[in-house]
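*Asks:* Sharing a structure, written as structure tokens. Questions coming.
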Amino acid sequence: MDVANVSTVSEFVLLGLSNSWELRMFSFIVFSMFYVATMDCFRANLQPASMGKANSSVVSEFVLLGLSSSQELQLFFFVFFSTLYVVIVLGNLLIIITVTSDNSLRSPMYFLLGNLSFVDTCQASFATPKMIADFLSEHKTISFSGCIAQIFFIHLFTGGEMVLLVSMAYDRYVAICKPLHYVVIVNQRTCTVLVMISWTVGLIHTVSQLSFTVNLPLCGPNIVDSFFCDLPRVTKLACLDSYTIEILIVVNSGILSLSTFSLLVSSYIIIFVTVWFKSSATMAKAFSTLAAHITVVILFFGPCIFIYVWPFTIYPVDKVLAIFYTIFTPILNPIIYTLRNRDMKAAMRKIVTHYLRPKKISETPLAVRSSFY
């Protein structure tokens, strides 16, 4: 063969399994679950052979030490966190009702905001009600199944919210940097896919964590120095060397936290550079909004990265940092993403006025008015 006929192809194009978005999502979920199953088999090999088939946990419940042992502080914490929890639920519920009932808030941004409020409500509810009840209880215990459920839900909601925050940042990036293509790029189908991806990532993340946690040999200590079952603290109670498990936690939670945090910061930097060349008024408004968003991102991702990227050493401050992404972030998100939005405030004011304003006699139904007389 002549030398000139030698192929000069330097790369190949892979068509994949399908061009359909629905089949791609299905394939993503199936192969991700296959990866989780593989990790589960790897986890099974971590257990020492000397324990044989008697690996099942003999711990039926865990003792939660909570935030403080002081009676005075516990009473204060009860009032303080009860108030915060009520504000979180009512505030996020108001956002969900506003977004779903007001026809003027049908844009992708508000669709993602409504989903964020739902996730925030769930995230604040997985452990906060029990923590509040434990402030008035002398014996703070949780069953083994309840502990596993807390680990499942915290990683489901936290992982999902990380991806959802990236989706919202992507929405703002397209709106500011590519405004002429916004309607084409970010449509209802795109938002639905982004929300599905966030829940899928959260589910895969939490299942992969539980795959090497559920069957941990727990045969001794059962005291967890926190107000909920935190994964690094529970793994420390296992009757085996937890070094390999801690490596898996870093690979799973650490990489998810760092990657989503890096994407968020990169998107904010691009947005900031884009508005830098616009008018000073636009620049000031964008800087104020970005500063508020970055503050919430740091309060949410900072504790997650600190706790899960370095799980080898447990610090007493870890349980205090956990409050930021379980309680403070769900109450800050409505303030940052909603109260700074003029359209959202107007829609919320309309709904509150509609439901709380006493109706006049002329506005009541005829059957009800006739009963007055």
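Even glycines carry a Cβ here, placed using N, Cα and C.
All TrEMBL annotations are machine predictions without curation.
Annotation comment: TrEMBL describes 23-42, 76-97, 148-170, 191-212, 255-277, 289-310, 322-339 as transmembrane segment. Here TrEMBL flags 91-337 as domain 'G-protein coupled receptors family 1 profile'.
Could you tell me the structural context for the features on the list?
*Replies:* Within the same chain, residues 67-68, 113-114, 117-118, 120-121, 124-125, 128-129, 131-132, 135-136, 327, 330-331, 333-334, 338, 344, 348, 351-352 sit at least 6 positions outside the transmembrane segment (76-97) and bring their C-beta atoms closer than 8 Å to a C-beta of that stretch.
Averaged over the domain 'G-protein coupled receptors family 1 profile' (91-337), the predicted model has a pLDDT of 84.
With a cut-off of 8 Å between Cβ atoms, the residues of this chain six or more beyond the transmembrane segment (148-170) that come close are 109, 112-113, 115-116, 119-120, 122-123, 126-127, 142, 186, 191, 194-195, 197-199, 201-206, 209-210, 213-214, 228-231, 234, 253, 256-257, 260-261, 263-264, 267-268, 293, 297, 300-301, 304, 325-326, 337.
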*Asks:* Report, as numbers and ranges, every residue of the chain located at least six residues beyond the transmembrane segment (289-310) whose Cβ falls under 8 Å of a Cβ in that stretch; write 'none' if there are none.
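*Replies:* Answer is 158, 161-162, 165, 169, 230-232, 249-250, 253-254, 257-258, 260-261, 264-265, 268, 271-272, 318, 321-322, 324-325, 328-329, 332-333, 336-337, 340.
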